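Report on one structure; see the data block that follows.
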């Protein structure tokens, strides 16, 4: 460990603090709405409308999606202050249900949730960049994959925490610019009387009769845009006064995001008919071409900036989750290591990058959204079931925040409806996700439960760490 003493994160101290002390300030500084608002609102409207069958029902689904996210956030707020550990869902499920359940949630996050979300955001970035070049057709498959920027941002996150945080701060402005422009132009359109598609007679004119399965898939598409409402729970240990600030963040962010999403969709329908929206490969670009004239270039640029920052943010958060899992012994110790000079979690970043690249090669955007949203909701529901179990097992434990029991029960009723009918409507997509989660069971018993591994395995991990110039943060603090 003496070899690590000459390096520091800032250049002044002679010791390197634990890894999360290097990364945490960024995660804390990002408000929940900054994590929630991402590429989803630029891609999900098409999926929601396709399954809803009418403009009016699509808008109702967006509002209800915000309400469901609010219910889930309140449940997570109670868990966050009752079990004040960083790691979010993973930490709560491990604490309540034990190691196997926690590992399976972590396994699904590392192999499915984060890589698939990254793949969707990366494909959205490339589609919006390429749409002006291919205005009348779908961008070429190879071009959309090559331009995904996953490799570039993995290198940035591996090289410097500071670079990664600056990218996040700068590119957050992109999504705010795009959404503000869309909503303002939408209001101008309404004041001009251009709201034909929003009148009740047209808004609830169904071109198809949606089944219950279609409604479940519409909610899955919309829920992808709201994903991120639980990100603040991943840094509970670093939050200042979480009992006060966690609920405040929820009460401000969720209504704000719901307002932004609903009015963004309303703005889309002031410029496009449902048929035009469904035939568009990049909804915001089509909106800009119709209403912004010479300034239509602003829209693809803004969305590209937004999604670029989204890729960076997901890489940052996924590496933190890998670190938390490795710290608990649920992932290989190699993933708990950071670069001794750059203070970055290179192994975790490389694993997430590799999984993302593989997923991008095997699925289209809307199938991937159904896939990841189903698994997301599965994990959210298991976590909120944990809240009820904890109330039963430990009724006298100190709870600074205690929600009415009707809130988790209402959420779980919706959760059961969504999962059952999503599985019925998309059995292959959702079934593959369940199978991948279950493959974690033998991995848990071989990799975690089996303590006395051969020495050759530990030697192999040590050599890999030395090759990558890595070390455990605990070793840095001892030097």
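The backbone N, Cα and C atoms fix where each Cβ goes, glycine too.
In TrEMBL, annotation is done automatically, which means it is predicted and not curated.
When the ranges 149-170, 215-236 are checked against TrEMBL, the one recorded as transmembrane segment is 215-236. Record note: among 291-317, 453-479, 291-317 is the stretch given as transmembrane segment by TrEMBL.
Here the transmembrane segment (100-126) has long-range neighbours at 38-39, 42-43, 89-91, 93-94, 139, 143-150, 224, 227, 303-304, 307-308, 310-311, 314-315, 317-318, 321-322, 325, 328, 330-331, 351-352, 355-356, 358-360, 363, 365, 368-369, 371-372, 375-376, 378-379, 382-383, 433, 436-441, 443-444, 448, meaning same-chain residues at least 6 beyond its ends whose C-beta is under 8 angstroms from one of its own. By the Cβ criterion (under 8 Å, sequence separation of 6 or more), the transmembrane segment (248-271) is not in contact with the transmembrane segment (403-425), since fewer than 3 such pairs are found. Using a cut-off of 8 Å between Cβ atoms, the transmembrane segment (403-425) and the transmembrane segment (55-79) share at least three residue pairs, counting only pairs 6 or more apart in sequence. Counting same-chain residues at least six beyond the ends of the transmembrane segment (55-79), those with a Cβ under 8 angstroms from any Cβ of the stretch are 36, 45, 48-49, 88, 92, 197-198, 200, 202-204, 206, 210, 215, 218-219, 222-223, 225-226, 229-230, 233, 246-247, 250, 254-255, 257-258, 261-262, 265-266, 269, 274, 380, 383-384, 386-387, 390, 399, 401-403, 407-408, 410-411, 414. Of the recorded ranges 176-195, 291-317, 431-450, the transmembrane segment (338-362) has the largest number of C-beta contacts under 8 angstroms with 291-317.
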